[in-house]
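Trainee: Attaching a single structure in structure tokens format; questions to follow.
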Amino acid sequence: MKILVLNGPNLNLLGIREPEIYGKVSLEEIEKDLTGFAENQGVEIIFYQKNGEGELIDLIHRYYREIDGILINPGAYTHYSIALRDALLAVGKPAVEVHLSNLYKREEFRQHSVTAGACIGYIAGFGVDSYRLGLIALIDYLKRRDNDGASGKA
């Protein structure tokens, strides 16, 4: 099983950017933890962070034939990127959207996700654990789908 993990704009600044909201753990630490956890599950992850919307879309286009699913933290693109939403839908791979903070406890303009509707699930508000929880949910979904022939969105 292979999962593409995508991180949107400014997530490369985790650990220094607004630590009272996002915590003090760096994206590199999240990648290391997630990679180790995935390996223990027999899962390979491909991990990227890009600040450009088109770069994230290009990665989806590049890898969709090789992967089983997508774990994505779109960052600010969550709130307005129809193009990213369309890319997720176009490739037909199950995706889970994750966020460190609970968007519904943030500013009003952050309380809507246009990308979540292209995903089978959404996990937010658990800090760095959101990534691991999202990965667990995606792996379990893929295993059930493969074993039971389940399809479609939850």
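Backbone N, Cα and C atoms are what each Cβ position is placed from, and that goes for glycine too.
Note that the structure is predicted; figures quoted are calculated from it, not measured.
According to Swiss-Prot:
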- Tyr22: active site, proton acceptor (ACT_SITE)
- His99: active site, proton donor (ACT_SITE)
- Asn73, His79, Asp86, Leu100, Ser101, Arg110: substrate binding site (BINDING)
- Arg17: site 'Transition state stabilizer' (SITE)
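Have a look at these and tell me how they're positioned relative to everything else.
Mentor: If you take the C-beta of His99 (active site, proton donor) and look for same-chain residues 6 or more apart in sequence within under 8 angstroms, you find Asn73, Thr78, Ile123, Ala124, Gly125, Ser130. Secondary structure at His99 (active site, proton donor), taken from DSSP and collapsed to helix, strand or coil, is strand.
In this view, Arg17 (site 'Transition state stabilizer') is surrounded by 12 other Cβ atoms within 10 Å of its Cβ, with every protein chain counted.
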Trainee: So if I draw a 10 Å sphere around the Cβ of Asn73 (substrate binding site), how many other Cβ atoms end up inside it?
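Mentor: Result for Asn73 (substrate binding site): 26 neighbouring Cβ atoms inside 10 Å.
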Trainee: In angstrom units, rounded to an integer, how far apart are the Cα atoms of Asp86 (substrate binding site) and Arg17 (site 'Transition state stabilizer')?
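Mentor: Pair distance, Cα basis, whole Å: 29 Å.
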Trainee: Determine, to the nearest whole angstrom, how far the Cα atom of His79 (substrate binding site) is from the Cα atom of Arg17 (site 'Transition state stabilizer').
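Mentor: With distance taken Cα to Cα, Arg17 (site 'Transition state stabilizer') is 19 Å from His79 (substrate binding site).
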